[in-house]
Amino acid sequence: MAKPLIMLGAGGHAAVLAEILLQQDRELIAVVSPEPIKESSPLFGVTQIISDEEFLTIYSPQDVELVNGVGSIPKNNIRSQLLTFFTEKGYRFARVISPKAILSNFLTLEEGVQIMPGAIIQVNTVVGKNSIINTGAIVEHDCTIGINNHIAPGVTLSGGVITGSDVHVGTGANIIQGIHIGQAAVVGAGTTISRNVPAGQVLIPARSRVIS
Amino acid sequence: MAKPLIMLGAGGHAAVLAEILLQQDRELIAVVSPEPIKESSPLFGVTQIISDEEFLTIYSPQDVELVNGVGSIPKNNIRSQLLTFFTEKGYRFARVISPKAILSNFLTLEEGVQIMPGAIIQVNTVVGKNSIINTGAIVEHDCTIGINNHIAPGVTLSGGVITGSDVHVGTGANIIQGIHIGQAAVVGAGTTISRNVPAGQVLIPARSRVIS
Amino acid sequence: MAKPLIMLGAGGHAAVLAEILLQQDRELIAVVSPEPIKESSPLFGVTQIISDEEFLTIYSPQDVELVNGVGSIPKNNIRSQLLTFFTEKGYRFARVISPKAILSNFLTLEEGVQIMPGAIIQVNTVVGKNSIINTGAIVEHDCTIGINNHIAPGVTLSGGVITGSDVHVGTGANIIQGIHIGQAAVVGAGTTISRNVPAGQVLIPARSRVIS
């Protein structure tokens, strides 16, 4: 039977996740956040735990599963640190998959994967642990997405794209078929990628033009 | 009870709106347009009124609600002028929200807002009066869209984007998180925005390259 | 009554098509491919025919309809050659239209058209023979797409775009309203088009910038 869930974080990404969980009638019993929860958030009214330390004194890995509610920003690794910290203590991370995503029946979605509304993932794709396929992103057939990736809203990955761990593909970026993106690379918002990207490289689009 | 609707305009944008209204079995009793209605349009066969003046002699603000069927083009303000003209005379504009859009339950959608098929709007976003979220556009959590905006097809707005009034974000443009777009700015089709845009500024992408 | 279907090809594009056909309970009786079918493919287990020549000795045009499972790559015309070759022998190509696409009721979709999951096509648009509207692509109202086109994943075509035959619009490209794209032109992935494109022209975006 599914264990009750604990949300780590209470910002915008956590709010989107919480709304999916509500739609699915999943049991979200607490949120861990030091800051007050906004009244406008789906998390408002959920029992609040102030710190990771307090959380650890209340719930054991046998009692609950975690939801990683921390969003992903390039060059900031709080999200992946949470995965490591709690995994070492024996906790498991639940997958959160929007019923409004369009998913092939031939996918591998690893632990803690988050698939947001309107995302589309085609046949024979693998999404690695703790990765986010964000709102309306398209991941074509035969892709392999590494762990701790953020495929941001509106991204399009063509068929056969392979990414290393800790890759960020920013809002609305496009990658053509068969490209490899190296570990911890950052494909900036709106960038089009048509060659392989080495590990750690950061790319952004050409400068736009101000015409008046 | 919902009042019967009158469509202002009979072009492509009005046709898309009319198809949504038909799907929802809403009562569309007339279309105001000086030009003949194309046989291929969902508006074909609806009672035609030739001018705004003729319309005003037939229907009072108590009888009907209006649908703003005029599309939005940068630097052309017929659409917002219609809002002002008819609002001053006491008419109200109906919202048109496609059942094929994906909408959070935590939104504020003001009078006359139009949400087209496949659009996605996430938690805690506000869309201002008379604004269009067009086909397949993505608006992430915590955005505030001003009045008379056109968020064109295929656009992606990341979390926390704020726009002034009369902003145009063109086809397929991308805006990263937390950006402010000033009043009457034009983000040209395909532009990626990663800094705030002052009021009235017009931006377009870098020139593409002809390679053969 | 619908005839049983034969898939030509067994790569990634064919796999996506096969999954749509499975969802629709359509009768797919064989796949033509010289290479072994991957176990991870929805085509695994379907009767395999090794060559077009073998196929021609088994099934007549009265018995079956074909599905063009060969994907479309710029400047490679195997896909359109298959259409010509089998059409001259009297075979017909089935349309494959994902139930997860969002389609106007006012469309003309010619023989062999393929509409992938999450694609959106608005009112009064025509899609020519053998053309693909790929995953999540947006085609606005009043477009006319020629034959043998590939509108790749994540593309956005604004209203009234007209394309010639054999046009490729690459992943995530954007075209503004009313543009004409000439025969056999290639709009590279991520390119934004705001002027007409002559026949045969190949365009790509401005070079991206490596910032670290």
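Every residue, even glycine, has its Cβ placed from backbone N, Cα and C.
Per TrEMBL, domain 'PglD N-terminal' is recorded for A:5-82. Marked as active site, proton acceptor by TrEMBL: A:HIS141. Marked as site 'Increases basicity of active site His' by TrEMBL: A:ASP142. Feature annotation from TrEMBL assigns acetyl-CoA binding site to A:HIS150.
Distance noted between the C-alpha atoms of the residue listed as 'active site, proton acceptor' and A:HIS150 (acetyl-CoA binding site) is 18 Å. For the domain 'PglD N-terminal' (A:5-82), the DSSP counts in helix, strand and coil order read 24 helix, 17 strand, 37 coil. A gap of 18 Å separates the Cα atoms of A:HIS150 (acetyl-CoA binding site) and A:ASP142 (site 'Increases basicity of active site His'). Around the residue listed as 'acetyl-CoA binding site', a 10 Å sphere centred on its CB holds 26 further CB atoms from the protein chains shown. The Cβ neighbour count for the residue listed as 'active site, proton acceptor', using a 10 Å radius over every protein chain in view, is 26.
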